[in-house]
Amino acid sequence: MDDPFEIDEFAASPEMRLGDAPAPAYLDNLNAEQRDAVETLDGPLLVLAGAGTGKTRVLTTRLAHLLETKAQTERLHPQQILAVTFTNRAAKEMQERVAHALGRPVEGWWLGTFHSLSARLLRRHAELIGLQSNFTILDSDDQVRLLKQIMDAEQIDPKKWPAKQLMGIIQRWKDKGLTPERVNESVEFANGGAKHLYRIYQERLKVLNACDFGDLLLHCLTLFQQHPEVLRQYQSTFRYILVDEYQDTNVAQYLWLRAMAMVHRNICCVGDDDQAIYSWRGAEVGNILRFESDFPGAKVVRLEQNYRSTPHILAAASKLITFNDGRLGKQLWTEIDTGEKVFVKGVWDGEAEARLVGEDIEALQSRGIGASQMAILVRAGFQTREFEERLITLGIPYRVVGGPRFYERQEIRDALAYIRLVAQPDDSLAFERIVNVPKRGVGKATLQTLHQYSRDQAISLPSAARDLIDTEELKPKMRQAIGGLLGDFKRWREMLAGSSHVEVIETVLDESGYTDMWRTSKEIDAPGRLENLKELVSAIGEFENLTSFLEHVSLVMENEQNDAQEKVTIMTLHAAKGLEFDYVFLPGWEEGVFPHQRAMDESGVKGLEEERRLAYVGITRARKRATILYAANRRIYNQWQSALPSRFVDELPDEHIERISDTGLGGHGGNHSPGAWGSDDWMKMPSWANEGSSNRNPVSGASERKFASSGWQDRVRKNVIDVKPDGETSYSTNSKSSKYKVGDAVRHRKFGPGTVRAVDGNKLEIHFEGVGTKKVVDSFILPG
DNA sequence: TTTGGTGACACAAAG
DNA sequence: TGTCACCAAA
């Protein structure tokens, strides 16, 4: 039905016409020409749109127009439309929006992520590039495992070359659209060892009839290149192409799109260079900058009216992002004229931070505001824990988005391995995964024997096992264990002929002892795992065959609890892109956490600017209120570390923010001493953030070099974070001197008593008994 | 040979 | 806090 080469005669239903609907208000700030471009233009179109300007709505409008008007006037069939989003969530949302706009569900168009669309396309032509159409899609876990095996066979010291690191290199190559052959040709990549392993890895994947995520796109490119006739089919089929979040496309995706768009050139991309936050996975902002030269005659439409946020929120975000260089630049404005300023709150530690957020949420709830309108957006996954604990204590329902994916859970991966092995008897990776789960006494040595044999005979691991159980090669105990398992699988496969696949899978999980393994497990989360297994099994029924089910699980499936209960959302900033909430909490704005230390260490100014864009994304998620928090102390890896507020806090415009002293701080433990942290003073405005006198000199050489090109040092800096090559962060402050001197006995709330070892401005180096030497700003120190 | 315990070590973001 | 490599015990 969804085959683009079998397009049925199509007539749009006459009762619904887009033209009858009132003009969408969000397109009002376009002039007639621009509006025409968005709605009807044929030819390349780039919509450069700031945060909250209704990018997605533009896409929806265009889609609705295509599906309604063009369907009639030009006999455009839905199957001739290709719409690409970055997440499955966005795809789903798009589907719903369009259905809503048209008043009827629309199906049959190619809507999805690059990965899911590529997988769909690839299954049709797998044989052309040496795969079978039921190839498995490996996740990163499998990839690393495979690489470890390869490195083992190649006798490479895993300490010198961690498999994960190699995986990263390969992934980046794939992001750039580089096959092993192309990597070899390019002089740019000098790393011979990695090239060699990449080649072997790709060969192994082919033997295993498997793809990794990157392959889905890469194989499409290879397919297009080697079989132009296939490409031509798709090129002529897709008359309209729409792409969301264009700023986050990587080179492979760019090539993929360009190939597809080559014939009709009706490509419409929507993006915002200020929201480019995926360069670490190969995204090229250059793609959006180059659009006009890639597609001559392209129209560019800018959307600058923001419909989402209050003016204060908008102004704070806009000001922050101006600290980046090389932007396309845009001036966002809004008609909204009321609203709170952005709150900036300093707290003592992570616990206080979570408590404060909890209190705010309770206060909002008591005003009758639903929890689903509130979100806590964190920089990194580990930050969610403290908030979860707090919200559990308070009994506030919440959900964590983008935690471990459903299919990445251990029990799901195990179950999937069983399913894979039933569907594909020669799946070596699946066999390896479950041969000893639950425990069957099959260990490393036995597996080693099997591997050896499978390599020598060039057959799959399960085949090797089948051969070896009839020989003397294995111990009788092993023979029995493995033989039993193989027999089981044979039986299950036969069962598939007579019963539904749901029944079969239930039987498999039961008879293999896998569910029993969790039932008897003492682990706390064992019941939850059993729940997940049940969910997995019930999902199988919705699919025609096991292959399509497996693909759905590894590419699409989300573990959303779909109860309608109002819940506070906790998620990472990356996951929050494209979403909006009335009330947004942005905790952890501390140097080293956000901006993340590694971003600065590894990518210098580029990394810092990406972090800043992330901050921009965070603030602009808020409709009514944004609350930024930073903690003076944070426990990381069981170690207390004092932290400085993020430089992004400094970069916010004073007139649009409200710094708030944490009243909960007093309750944290008595001793207020004037001038120390107990006073309002440092809360309102950290001492080093006051108007400093000079900032001309003592920026360290390293940081001066690093930030020279960013305009960083041109601004009035009071606090300079020194990004050192060894990854240690230090800071130097020159606007204030400390009231403490070397040798003073002092006390720190968490570290306890200590002695001042060195003084640098208001920065103290203190030796704490039993803790070690720490660098601390003096406002966090009490006199001993 | 497998297993389970131990200590060292690193600890981002996602499809 | 979780993972991984290594070692002692079964």
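Glycine residues also receive a Cβ, built from the backbone N, Cα and C atoms like all the rest.
TrEMBL has this to say about the protein:
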BINDING   A:A49, A:G50, A:A51, A:G52, A:T53, A:G54, A:K55, A:T56  ATP binding site
COMPBIAS  A:690-700  compositional bias 'Polar residues'
COMPBIAS  A:714-727  compositional bias 'Basic and acidic residues'
DOMAIN    A:28-310  domain 'UvrD-like helicase ATP-binding'
DOMAIN    A:311-578  domain 'UvrD-like helicase C-terminal'
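Shown here: features listed in TrEMBL, placed on the structure.
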residue	record	Cβ contacts under 8 Å, 6 or more apart
A:A49	ATP binding site	A:K55, A:V58, A:V270, A:G271, A:D272, A:R302, A:L303, A:E304
A:G50	ATP binding site	A:D272, A:D274, A:L303, A:E304, A:N306, A:K330, A:L332
A:A51	ATP binding site	A:D272, A:D274, A:Q275, A:N306, A:R308, A:S309, A:A317, A:L332, A:Y616, A:V617, A:T620
A:G52	ATP binding site	A:N306, A:Y307, A:R308, A:S309, A:L314, A:L332, A:E580, A:T620
A:T56	ATP binding site	A:A90, A:E93, A:M94, A:R97, A:D244, A:V270, A:G578
Env. residues of ATP site, Cβ within 8 Å of mean position of A:A49, A:G50, A:A51, A:G52, A:T53, A:G54, A:K55, A:T56 Cβ: A:D272, A:L303, A:N306, A:Y307, A:R308
Neighbouring C-beta atoms (10 Å sphere around the C-beta of A:K55 (ATP binding site)): 23
A:G54 (ATP binding site) CB neighbourhood, other CB atoms within 10 A: 23
Assigned conformation of A:A49 (ATP binding site) - DSSP reduced to three states: strand
